[in-house]
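Asks: From TrEMBL, for reference:
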REGION    1-44  region 'Disordered'
COMPBIAS  33-44  compositional bias 'Polar residues'
TRANSMEM  75-97  transmembrane segment
DOMAIN    80-162  domain 'Potassium channel'
TRANSMEM  109-128  transmembrane segment
TRANSMEM  134-154  transmembrane segment
TRANSMEM  194-215  transmembrane segment
DOMAIN    203-273  domain 'Potassium channel'
TRANSMEM  250-271  transmembrane segment
Amino acid sequence: MAENGVQQHLLHDGDRSKMPPPGRARRFRRCQTAPSHNAEQGSILLRQNMSRKGASGTLPPVPPNGLITGARPRFWLVGILLLAYLLSGTAAFYLAMDDMSGDRSGNRALDALYFCVVTMTTVGYGDIVPSSDVAKLLACVFAFAGVALVGAFLSKAADYLVEKQEALVFRAVHLNHADDPKSLRDMEANKVRYKLYTATGLLAVVLASGMAFLMKVEGMRLVDAFYCVCATVTTLGYGDRSFSSTAGRAFAAAWITVSTLVVALFFLYAAELAAERRQRELAHWVLTRRTTSMDLEAADLDGDHRVSAAEFALYKLKELGKISQEEIAEFLEEFDELDVDHSGNLSSHDLAVAQPG
């Protein structure tokens, strides 16, 4: 199963023959699998797990769909919602066009679509504006709905593009190591970097295409085209330079939607990469600093003045902020509830008694 990811073994100092009797402090035992966000690595481990199934022939339960990967809307559903938004917005502003003032292209439907897109992406050139109370309230409704919808659409579109980019990079860089766990770990570690590379390439494409169109169709100078493109993709929308022709507004309806979202993704991934770099620096410090007696005392969860591999790993994870003491306490409480015979280990019998049916 793809969600059953990186296999961890938290080893105890002794063996099963040295189990503490009931009532005594219990050492940590072995923990098999934990969910992973890396579906590609999980699929390989799935094949390994399938070859190691026990006598019962069963595997651990699959987490509910969306529990590990996130409960975001499906791409096709968001696409349908975006199309419905554009259709309803165009129809609404078409009917309200008499209550709009500003520069018209002569095509009522195209102006309505153009104003809908400019509102949805918060560009707001100001070349077409609502003039009546009804039109203003209508614009407010579509502005709020558009921002939420664009965010969901871009999130799913970015995921799709990034997955495609990662697959290409993975095949190019790790072609001869497709089943190598180290290659998979490297791929996961550089995931944000690949996202940023993808967003950078898309940003260059949308900027160049927008400038080329403005210079050729709208007749702008190079500096004015660059100025208009930058004001648009950053949603400043000064309004002194905009798409005024019929062909320009038809192009803008699609280009503005894509370009503003690509810029947002670019800065999002840049910030994410910077945060990841700081996290790696923290991890390097935690893993390389000198371990002191105070660390051993803090890592000794069961108070037996010895630190097992499991306790040491948990202490390091706490230092990295990956897990909290409260979460550890909840896990141990769940373990105690499942450990019916108080042996310090979980067995099929324990699960059958603790979770009947």
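The count begins at 1 with the first shown residue.
Even glycines carry a Cβ here, placed using N, Cα and C.
Give me the local environment of each listed feature.
Replies: Outside the transmembrane segment (75-97), and at least 6 residues removed from its termini, the chain residues within Cβ reach (under 8 Å) are 108-109, 111-113, 115-117, 119-120, 130, 132, 134-135, 138, 142, 145-146, 149-150, 152-153, 156-157, 159-160.
Below 8 angstroms of C-beta separation, residues 85-86, 89-94, 97, 100-103, 139, 142-143, 146-147, 149-150, 232, 235-239, 242-244, 246, 249-250, 252-253, 256-257, 260-261 of the same chain, each at least six residues beyond the ends of the transmembrane segment (109-128), sit close to that stretch.
Outside the transmembrane segment (250-271), and at least 6 residues removed from its termini, the chain residues within Cβ reach (under 8 Å) are 110, 113-114, 117-118, 120-123, 150, 153-154, 157-158, 192, 195-196, 199-200, 202-203, 206-207, 209-210, 213, 217, 229, 232-235, 243.
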